[in-house]
């Protein structure tokens, strides 16, 4: 048994899977295909759930208090004053956890019992998903979910193509193309699949959905495998009649069961022992020990008194505070989800709060980091302009009005034809002919779709793609090119290339990418010739002009390849593509090598218009003193043009290079006075002095930045400025930035849902950010601050009465109030009014400047907490000493004196409930019917419970719990009500006086706005 507990899980370094070989695969003890996301069963729910709940600090804290209250010599309070609210919280949480886990269990059962066709002993048999094993060959049909991570072997489509939808994995609804290896694409027959005995050696399971590295060994050959050959579990097969695949990863590839420590059992046993004889024995033992120790030392007696007052004064921070904060955060999140003004009807997309813990921080944001494409713009690309061979061609409305381009095509200008041939060949678009003559392109990015469509419009129609060929229709003539290699695009390379062989046998490399990257790889001799003939000067000039208009630019180049050189290079490529370790690095070196020495063809310009309301939103956010940083990979001129389009004031001297210009303080002075926007490039991002200058500007635009640099910019500001940051984006390249910021916002646009899945809040348009911050964010912060201030005030006023009473009871830890009042004060008498204020209170929306107090954290800080504490202490002082001074002078209507302690306690308790109810009315800025209902309803509930608990009837039923007979009658004495009225007025008036003086002498921004609204109401 000891060996079992100490057994370490096997760490998988690589995976070996052989098709149709159960005995071979069983040697590695791979996980089966059963999934289990539920955490509990009927036997483990109670101990595990309690263990998880008691790991929370609040629950553990109140558990310690409960243990102390079990010792009579320490506690003067009964245990139920703590256990009632604690059990209430534990039960509510346990019910929620049990419900969530039950739904997870039902979902697991539904998934595990799905049917899949598995090739077993020469025939296809239906098997449950949970019985699928690594190495099995399974058949998928159209619209079926993929049962496991499988290697695509063949399909009903030509060349082993198939289409999958990955919405369950990354949220993207556009179809992805997957393609089987050529050597396995003809294994569509059952007999061939039974004879297939290929072995796959690949990387171990990981959570990277966009990368897979492996090699297929079959018939003495090696074939490289990548992500394009894999179908991941959760994908749906679309537009494909059937396909076969080999299971590589099944089920959960990690250990599901977690061995809990024996402390769970200890906690469980302890909680079960809170009732019965064991509890009585425990209490007797503890009591005996405390009596013995107290007789030994007076110091120890003082120690016990200290803990007694810890128990009595713990209501300053009751467990109801923890519950109330969670309720408020949940309510604020629902307000965001229900906001119809943030609903985008064209897409049917509502705003979504994906977290409940950051709503207050939405009201404290100082820096917004925004992507450009798809976030500020629509991400709907239109081919607008191009430059070919030093000549610029312009598009107007829906047609090119420059007839010279059409004439050049008709005249079969070689440069123009090569330009559009490159656009038709260099891409990853898949064509789909939905009907006769209706050709639809499935593009993974809007840019590629726009460029391929432009090539089609000018006579170079991309018709079909196979693993080895690309077919074009060039000016009505069908031409098939042999596809030799695809050099993929990524954020580091910033370019994509293809190598093809023409029907004439000529090998060419076509490349498109960022202008700076392409220009670096041009042949020097070509640069010289182009410069002399102005072929290079004009494209460079035109690209600057395109970028200045806010267009997205790409440079196009090509290269003729020598047959012998290409054969050698191809052998090296095949070797590198079958390596398991560092495959991507070796491929990158080979790509860089063959892409050197290219010739420039021209440039393209694509238009991406701004979203509706972007300039107005940015202007409004600037009024709220929120600094906006736009982080984009576009050129400097494009970034500046976007700044102008967004009504951002960009200085003509805003282009900052890494120089010694910052040595002069005049730069900072000018930035402060003129309120410029700053435009910087990626090379300047880590300069600390530049960061200081950037933070003085209203807006900063960072151009030519990579996704990693975006995250670095956010981290830099977080670390050095210690301000609340928000990042907003719409694509996978924005995920790192979104996760780095304090608050991440995803836009559900044209680039899928990866940004949304990584975000804390999501919506469909950038303009909704204004309402998220200036309405929901500001109100959430405003409400939470008012809630906390009032909550601490009322609890200090409630609790510190015991402290003043201690001077008259020898600090014996005797309580003023009865135990039922202590139990119900925070969970019945005062819980709903403060919740109503925390949920519905608000101030004016007309003034964005009201957002500034949140940025400066003015509404609840150490100073405000001290003032709340001071007000609570003063109120508790008055609550105790006014009745204390009045009672010796008071007599009942029958002439008898008020000499009993319970009448004194009822008077203080009644005064307290009325005072805190009046105070919350004064603190409320916006009254609703709910506020009235909760405040007046709580007062009525208090008096109803008061009369019931002090009545003779409850004494007859529970004499030990309700020992005071008939004390409710003392409440009807006129003198008592006069004392209550006097106490209420004296407690409330100082706060009113201070409030009026503060508004007149030291008005806050909120006070000024309220006065402005009053003046506007009466004078206009």
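Placement of Cβ uses the backbone N, Cα and C atoms for every residue, glycine included.
What TrEMBL annotates here:
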{"type": "TRANSMEM", "residues": "254-274", "note": "transmembrane segment"}
{"type": "TRANSMEM", "residues": "281-300", "note": "transmembrane segment"}
{"type": "TRANSMEM", "residues": "306-325", "note": "transmembrane segment"}
{"type": "ACT_SITE", "residues": "371", "note": "active site, 4-aspartylphosphate intermediate"}
{"type": "BINDING", "residues": "371, 372, 373, 448, 489, 512, 552, 632, 633, 634, 704, 710, 733, 734", "note": "ATP binding site"}
{"type": "BINDING", "residues": "371, 373, 730, 734", "note": "Mg(2+) binding site"}
{"type": "DOMAIN", "residues": "756-1004", "note": "domain 'P-type ATPase C-terminal'"}
{"type": "TRANSMEM", "residues": "787-808", "note": "transmembrane segment"}
{"type": "TRANSMEM", "residues": "820-840", "note": "transmembrane segment"}
{"type": "TRANSMEM", "residues": "865-891", "note": "transmembrane segment"}
{"type": "TRANSMEM", "residues": "903-922", "note": "transmembrane segment"}
{"type": "TRANSMEM", "residues": "934-955", "note": "transmembrane segment"}
{"type": "TRANSMEM", "residues": "975-997", "note": "transmembrane segment"}
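Known features from TrEMBL, placed on the structure.
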| residue | record | Cβ neighbours (10 Å) |
| --- | --- | --- |
| 371 | active site, 4-aspartylphosphate intermediate | 27 |
| 373 | ATP binding site | 26 |
| 489 | ATP binding site | 19 |
| 552 | ATP binding site | 24 |
| 633 | ATP binding site | 23 |
| 704 | ATP binding site | 20 |
| 730 | Mg(2+) binding site | 32 |
| 733 | ATP binding site | 20 |
| 734 | Mg(2+) binding site | 31 |
Distance from residue 371 (active site, 4-aspartylphosphate intermediate) back to residue 733 (ATP binding site), taken between C-alpha atoms, in Å: 9
Alpha-carbon spacing, residue 489 (ATP binding site) to residue 371 (active site, 4-aspartylphosphate intermediate), which is rounded to whole Å: 20
Whole-number mean of pLDDT values that fall within the domain 'P-type ATPase C-terminal' (756-1004): 86
Largest inter-residue Cα distance among 371, 372, 373, 448, 489, 512, 552, 632, 633, 634, 704, 710, 733, 734 [record-listed ATP binders, Å]: 24
Distance [Cα-Cα, Å, rounded] between residue 552 (ATP binding site) and residue 730 (Mg(2+) binding site): 17
Residue 734 (Mg(2+) binding site) and the residue listed as 'active site, 4-aspartylphosphate intermediate', distance between Cα atoms, whole Å: 7
Alpha-carbon spacing, residue 734 (Mg(2+) binding site) to residue 704 (ATP binding site), which is rounded to whole Å: 14
Whole-number Å value for how far residue 730 (Mg(2+) binding site) lies from residue 373 (ATP binding site) (Cα to Cα): 8
Rounded inter-Cα distance in Å - residue 633 (ATP binding site), residue 730 (Mg(2+) binding site): 14
